[in-house]
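As written in TrEMBL, here are the features:
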TRANSMEM  29-55  transmembrane segment
DOMAIN    45-294  domain 'G-protein coupled receptors family 1 profile'
TRANSMEM  64-85  transmembrane segment
TRANSMEM  105-124  transmembrane segment
TRANSMEM  145-170  transmembrane segment
TRANSMEM  201-225  transmembrane segment
TRANSMEM  246-264  transmembrane segment
TRANSMEM  276-296  transmembrane segment
Amino acid sequence: PWDQSSMANSSFVTEFLLMGFSSLGELQLVLFVVFLSLYLIILSGNITIISVICLDHTLHTPMYFFLCVLSVSETLYTIVILPKMHINLLSVLRTLSFMSCATQMYFFLGFAVTNCLLLGVMGYDRYAAICQPLRYPVLMSRRVCGQLAVITIICGFLTSLVGTTVVFSLPFCGPNKVDHYFCDISPVIRLACANAHVNELVIFIGGALVLLVPLLFICISYGFIVRTILKIPSAEGKRKAFSTCASHLTVVIVHYGCASSVYLRPSAKHTSGKDRLVTVTYTIITPLLNSMVYSLRNKDVQMAIRKMIGKAV
């Protein structure tokens, strides 16, 4: 425990050292090539989805509007973390200033929470389309969709502001080695030179609300969706109805599964090695799967891409 006199005599941290994958030695060059390739695929996939949805008028529907917003959010989400990670894989000096660390955490959390809320909104959109088809144009009008998108972004970044403030309101006057490849909550808060139990509890409760409330909302929506689909008499009708939800459901399972395994545990039970592996999954693999699921498995997007290629040729 740090007392006030020792804290007063300590020099406060001005920069953090991101340890990341430094223990892997020459393997870092291999990781650089692999991660860079995946990052370029993520960017190209999301840019393709955004461009196709914006240019093809047949995709100007609520479902694809929210998919476009999600793709923009995920693109920015990866830009916050991955370029710096790639630089660190090739660099000996892996420092990040105190303010840069706080800024990275703020934007990472902001886009991450926004993505969670967007997935919840997309679940509601599927419920309205399948369970309330006659009222769907009113329930998901252009104005309502715009308002929902703005609300999710505002809520995401307000939540991020609270979380970042809770972490960086603590004094950092001792070790500055972050045992991660970016400024995530758990590895940073461990470096605080004060009792952080209350802060950790606030973050844990906030994380649980951010993850579980949208997930509960999605589960309830899909409960009604399944009940409605089972009432459809034809097998073909059931298949078509479910196919409109398959991509969203796949993304939800991967996204919430990875995020929950890291953020729904007390900080004391975190193990850095396993956390890095899981974090790689939801900072690289999840955005990669999202773009692939919505571009390769979605027939509407595939047709729109073919039309764009046909016009270009």
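Every residue, even glycine, has its Cβ placed from backbone N, Cα and C.
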Same-chain Cβ contacts of the transmembrane segment (64-85) under 8 Å, 6 or more residues past its ends?
18, 20, 35, 39, 42-43, 46-47, 49-50, 53-54, 96, 104, 107-108, 111-112, 114-115, 118-119, 121-122, 125, 145, 148-149, 152-153, 181-182, 283-284, 287, 290-291, 294, 300-301
Tell me, roughly as an integer, the mean pLDDT over the domain 'G-protein coupled receptors family 1 profile' (45-294).
86
